[in-house]
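Feature annotations, courtesy of Swiss-Prot:
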{"type": "BINDING", "residues": "106, 126, 127, 128", "note": "(9Z)-octadecenoate binding site"}
{"type": "BINDING", "residues": "106, 126, 127, 128", "note": "(5Z,8Z,11Z,14Z)-eicosatetraenoate binding site"}
């Protein structure tokens, strides 16, 4: 069984700018986001999950229980209702509702974390190495 708890450092991004553009993030913020190299920390405590993302651009944190809806500030600055479910032992699927629904799939492995985010058919894949 793959351990979800841990710290992960961004190594590579594919199509991240196009994803942010489709989401409605402005040019300046997109360029800052592309140059940032975030660290993601995942903490699982019983049935409670915390995902902290830290970078020179911005820090964010979401806390949730699987299947329970919560409010979150999306990358475009909008507040949206979000829920997260678990598929198998190593995959978290996050759905952000709103004018532009977003699906974020976090797949964990011994080596790291792959984050696949999709909005309006535009998909970005980001690869993080386990620290």
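Every residue gets a Cβ built from N, Cα and C, even glycine.
All features noted in Swiss-Prot, drawn onto the structure.
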residue : record                          : CB count, 10 Å
106     : (9Z)-octadecenoate binding site : 23
126     : (9Z)-octadecenoate binding site : 22
127     : (9Z)-octadecenoate binding site : 15
128     : (9Z)-octadecenoate binding site : 23
Quiz item: What three-state class does DSSP give residue 106 ((9Z)-octadecenoate binding site)?
Solution: strand
